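**Student:** Per Swiss-Prot, topological domain 'Lumenal' is recorded for 1-24, and the stated evidence type is sequence analysis. Look at Swiss-Prot and you will find 25-45, 201-221, 223-243 tagged as transmembrane segment, backed by sequence analysis. According to Swiss-Prot, the topological domain 'Cytoplasmic' annotation covers 46-200, 244-257, on the basis of sequence analysis. Here Swiss-Prot flags 87-130 as zinc finger.
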Amino acid sequence: MADNQEGRPYFPLDEGSIIEGVSDQVIVVVLLSFVAVGSLLYLLLRNDEQNIHPENQDRVRAVREQLQNEQETPPPPRPQFYSDMTCPVCLQQATFPVETNCGHLFCGSCIIAYWRYGSWLGAINCPICRQTVTLIFPLFQATEQEDSQNILREAIGYNRRFSGQPRSLMDRIMDLPTLLRHAFREMFSVGGLFWMFRIRIVLCLLGALFYLVSPLDIIPEAVFGLLGFLDDFFVLFLLLIYISIMYREVVTQRLYR
């Protein structure tokens, strides 16, 4: 009996751990989880900050004055969206709203005027976060009104020019919340995404689910404990990036139909 006990390997538990009684692995996983959740919350909630970036205030002020001068007569009543939403350019209720790939909303006419103002040779930077705007999502249905048709035409023209630009990994991560929100919204809407794209998303989600429940892992939980879940989160994160890339390609291809 004694010989068997002496032959067994001895693994000290929590020796020299940062917090007594708590494994260092648990502490690392908890800290990384807080960082991941905090980053995700920042990406999702930063859209509520509608303050113009200091470097763009002069340009936005000039565009605002230009829009006010062009409106010699009061504009006719137009449908309003997001009753609690104010366009940061014209400081009025958002009408015919559009959303940029970074998740900020503007009046369609305001963001188009901001693009046309000055001598932009490429894609504009968001007036709020200064992220490069490569996609403009109209958030209204086309109507017979001339303003509506003009804004849709300008948005399509802008997307054709800049939606296919190369994107860095950080840009793709910053675009993730907006693209995923639009992708899943169209996925579950009638007449949204075509079936092949929906099938690809479902297969990707099933593949991620099988990987999460599979005992075969790059970092096995049985050996590394809670740290073994890091590869599962990493695979899921890569999957979300891949879905956003696919959706961007679908939006780009749709422009040339």
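Including glycine, each Cβ sits where the backbone N, Cα and C put it.
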**Student:** Take every residue in the zinc finger (87-130), average their pLDDT values, and give the whole-number result.
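**Tutor:** Computed over the zinc finger (87-130), the mean pLDDT is 86 on the 0 to 100 scale.
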**Student:** Using Cβ atoms and a strict cutoff of less than 8 Å, what residues sit near the topological domain 'Cytoplasmic' (244-257) while being 6 or more residues removed from its termini?
**Tutor:** 135, 156, 159-160, 163-164, 172, 175-176, 179-180, 182-183, 193-194, 197, 200-201
**Student:** Going by DSSP assignments with H, G and I as helix and E and B as strand, what are the residue counts for the topological domain 'Cytoplasmic' (244-257)?
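**Tutor:** When I sort the residues of the topological domain 'Cytoplasmic' (244-257) into the three classes, I find 11 helix, 0 strand, 3 coil.
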